[in-house]
Amino acid sequence: MSRFKMSKFRHTESRPSRREAWISDIRAGTTASCGSHIKSSCHLIAFNSDRPGVLGIVPLESQGKDKRQVTYLGCHSDLVTDLDFSPFDDFLLATGSADRTVKLWRLPASGQALPSVPGLVLGPEPVQVEVLHFHPTADGVMASAAGTAVKVWDVAKQQALTELAAHGDLVQAAVWSRDGALLGTICKDKQLRIFDPRAKPGASQSTEAHKNGKDGRLAWMGIQEHLVSTGFNQMREREVKVWDTRHFSSALASLTLDTSPGSLMPLLDPDSGLLILAGKGESRLSCYEVLPQQPALSPVTQCLLESVLRGAALVPRRALAIMNCEVLRVLQLSNTAIVPVSYHVPRKAVEFHEDLFPDTAGCVPASDPHAWWAGSNQQVQKVSLHPAHRPHPSFTSCLVPPMEPSPDAAQPAETPVGDMDPSEGFSSPLSSLASPSTPSSLGPSLSSTSGIGTSPSQRSLQSLLGPSSKFRHAQGTVLHRDSHITNLKGLNLTTPGESDGFCANRLRVAVPLLSSGGQVAVLELQKPGRLPDTALPTLQNGAAVTDLAWDPFDPYRLAVGGEDARIRLWRVPPEGLKEVLTTPEAVLTGHTEKIYSLRFHPLAADLLASSSYDLTIRIWDLQARAEQLRLQGHRDQIFSLAWSPSGQHLATVCKDGYLRVYEPRGGPEPLQEAPGPEGARGARVVWVCDGQCLLVSGFDSRSERQLLLYPAEALAGGPLAVLGLDVAPSTLLPSYDPDTSLVLLTGKGDTRVFLYELLPEAPFFLECNSFTSTDPHKGFILLPKTECDVREVEFARCLRLRQTSLEPVAFRLPRVRKEFFQDDVFPDTVVSWEPVLNAKAWLGGANGQPRLISLQPPGMSPVSQAPREAPARRVPSSAIYLEEKSDQQKKEELLNAMVAKLGNREDPLPQDSFEGLACPPATSSLTCRCHLLEAPGVPPPPPPNPPHTPHISPFNWKMALGLGTPCPKSPGFLWALGTSMASGPCCNSCGLSAPLLSMGLAAFSQLPASMWSQGHESGVGREWGVCSTFLGWSQPELTLPSTFSHYVPCHLACCSTSSQEPWGLAPARPFGAAPVSGARDQLPSSSGLKPGEREHYRADGPIKGGEGEPLRYWPEYTLDVFSN
């Protein structure tokens, strides 16, 4: 700073908000991208969630005292890499993704449902989109960066106005100057470039920004000629530089910070010149004032954060608390919360300070894309931030029209709590548009009887943008580790590309091993767990394995193809492989070169097709163990072959670039032939859409993986649709489910599984949520339909082969009414384990139809026949609140409700069916179980002796509590176990007290005697100034076991008053009881034990009883909480 002029921001204070103002209980996630992972408009906040392709949406300001609710928008089939709000329309959001598309979303106002489909889609790009930035003056102009390319879009026309000259490496930032005339980019090749997109596609200026190409960022200042960059120097130190485009050879100012590895995100407010430096993975925000006239970077203040920063964003100045002198507000994204951090300039007078808040850009655009591209430099009109000049003019972009209000928009949305599935965790549909590579259909949208409603506005968008799959919300989940097979060793990961790498049926999985002799391990799926470190019993094939397949009609027969051109048939014992097998059941010889693929016939028993390097396909009768048919016509390597669902035709795809269809019984030459994928790196073929179409996965001439859909009856006409996916070296392996028309696609070494619903008509491909894993898999196959858990709406179960383990992956569909059988998801399925005819009959020309069975479990009704009930109001009528009730009436109502809940004393209790700490997924009540480890009142044994658990008789129970005589003032009192562990007098008349076993309300003693020994009831006591919940009393004269179980309904598990915070089911540590066995410290009153948690306490010394009572010892006990 100059010594003659002091900065008005020199006393700026950073004020992290209190926890009450945090947006907590979120599921934030970060990806390895150039984005900041969170953005804010004047009304909404959008952030990356922990699920790929899903954003969290939350209001910027809370409405009254209501807590802000986070909803989740499923916007892409892969990771969201960057996002940006329109500077003019607070509800218009653009998202870029690793799925190579840019989508624009019209977000609704608070309380309305999020859209299920985007308003516009741009792309696809050759690689994933890295950066998005709306134009600051023209509505409908946006810049995007993908790889080395930067495009300027006319969003309304969905076409690029220009594509800037290619950069030397990955573009890490692309930012418009404030007047919208120039575009600055920073690249991994260390160069900072300035473009004038309307003048020429090449850079007008460029210079070396930072010596290290790691994670550079860029921000323009309020003055057009100046900008700020962040990056790393040659010593890997983070640095900040200020640049002047008029003197671009060197930086005006430079500041070196530290050697932290996290990239610096520059959050620059052009009106004030304040710069926030937010480092990813750090717990600190640094504020500087940028003074290009000096030039200098002057430090202002630092803010220490409570949690690690994952992303950060500035709130627009129009949304700041002006009268509180709030000059900046930063939103910090952590793993579980969004924390607002405010920057205030202390001023004495509570008034509008014009020096702190100059006029800022309004929200009405100055031009449209056509005018801007023609050369218009008109600027956005500025508005005053003075509260007296509000509200400012609003603007709604025509890029995505506003959603039509639903007829019920005037009433608050009321979703029945009982209809929500807590295991899903999504407040809005995880939808995505039909693949952008395919033309949109104007036909009616696909309907569903899932019970998930669709608003009229969503239906109108779907009618414009085409149908969406009812499986678009599909969620792939790796099942619990208890179902994994681990400690796999010596896997053969070099099987040919034509093979899936391993195979499985409903009982077993066969995995080739790397050891010599072509060994194959056979693992039992019904016996998961860790495999022994010793060698496994295997099948000694005698030659390297090229492909293997289980007989669909004989689960104990395995066909293995080898490099010695032989096919060996192995029979695995029903009890599993217990020893090494060296002699196969049969050996098929005939091929002259090594085997490519093996495929069993889908309907006929003992019929096998094989392809070989000798360019032939041979069909074998396994009963006769002889070749019956031979197909010819291939001129190069056969990549794949597949039987049609009817078993009458056979399709192949070949390295010579052709797709062929054979009718094996009609002749050796192909029935049809057509060009297939252009690339020669590998391909797969599968019959889809009830045999009407052929799906081919392969590569184009640029080595991009793609899908081609052909009509089975007219291959010569070319593919119906072509869908480009990504660039990767491995061939996509399709697994098709004929019941749902879903295809799962992944490659060896991939971490992502694509899901598409296939249609025989436009738009052909309907994109669904993909499954992403943290590490690459070596194989991925689909299990039979009968292995799915229908009750959990699991429509597909797969096996994922990793380097050292085998884990099942379940694909489920979130449905509201899961108590009903989802008959729209589970049509009758083929009995694939029973043959329709034998090999001899098929070879003789016979055909057959498979038998179908229903997957409906017993006791479940179809959802199509479920009654459609109107949602019940959750808010009680006002009469309930206005009605005055006495304390006695409230007590009676409470006791009557609990008696009705308990029912017959002979009935089993809900918690009796639980063992250990297993918690069911749905929680309707809680059980608190106290285990006494030492007899109360008995001095603890010497330290070497372990705790003991004697049976507590009525006598020693009373003596332990010092109750040899009844209470002198209340002879009929009862003792109760209290969850709050509050201590106090046993009644209002005497001074006896007990820390753990304390007296309940007098009303409890009025219960019938039949209830006393049951030990299950609940009530609320306010005898000692706290909100205490007492559970399970027992008459002292009755025999008591050493373990007590106490049942608490959810609506009584916590209670609160105007003067006390809620108490949960966790005890505060009382009267010298110390936690042992690694227990937690004393819990605050607002927390509680959750299902599956345990507290363990033990007294440190003697505890004094009531007045006149002798010393007695606190019993050691543990407290478990179960969910019923």
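The backbone N, Cα and C atoms fix where each Cβ goes, and this holds for glycine too.
What TrEMBL lists as compositional bias 'Low complexity' is 423-457.
Per TrEMBL, the feature compositional bias 'Basic and acidic residues' maps to 1091-1110.
Summed and averaged per residue, pLDDT over the domain 'DUF1899' (3-64) gives 84. Taken from TrEMBL, the feature domain 'DUF1899' covers 3-64 (among others).
Feature annotation from TrEMBL assigns domain 'DUF1899' to 464-529 (among others). Per DSSP, the secondary structure of the domain 'DUF1899' (464-529) breaks down as 5 helix, 22 strand, 39 coil.
Annotation source TrEMBL lists region 'Disordered' at 393-463 (among others).
The region 'Disordered' annotation in TrEMBL covers 1075-1110 (among others).
Per TrEMBL, the feature repeat 'WD' maps to 73-107 (among others).
A Cβ distance under 8 Å defines the sequence-distant neighbours of the repeat 'WD' (588-630), meaning residues of its chain 6+ beyond its ends; these are 496, 498-499, 546-554, 559, 561-569, 636-643, 645-647, 650, 652, 662, 664-665, 668, 832, 835-843, 848, 850. What TrEMBL records for 588-630 (among others) is repeat 'WD'.
In terms of DSSP helix, strand and coil, the repeat 'WD' (631-663) has 0 helix, 17 strand, 16 coil. The annotation repeat 'WD' is assigned in TrEMBL to 631-663 (among others).
Taking Cβ pairs closer than 8 Å, the repeat 'WD' (631-663) reaches residues 497-498, 596-597, 599, 601-604, 609, 611-613, 615-619, 669-678, 680, 682-687, 690-691, 694, 696, 698, 710, 712, 715, 731, 738, 842, 847 in its own chain, all 6 or more past its ends.
Helix, strand and coil content of the repeat 'WD' (73-107), in residues and according to DSSP, is 0 helix, 19 strand, 16 coil.
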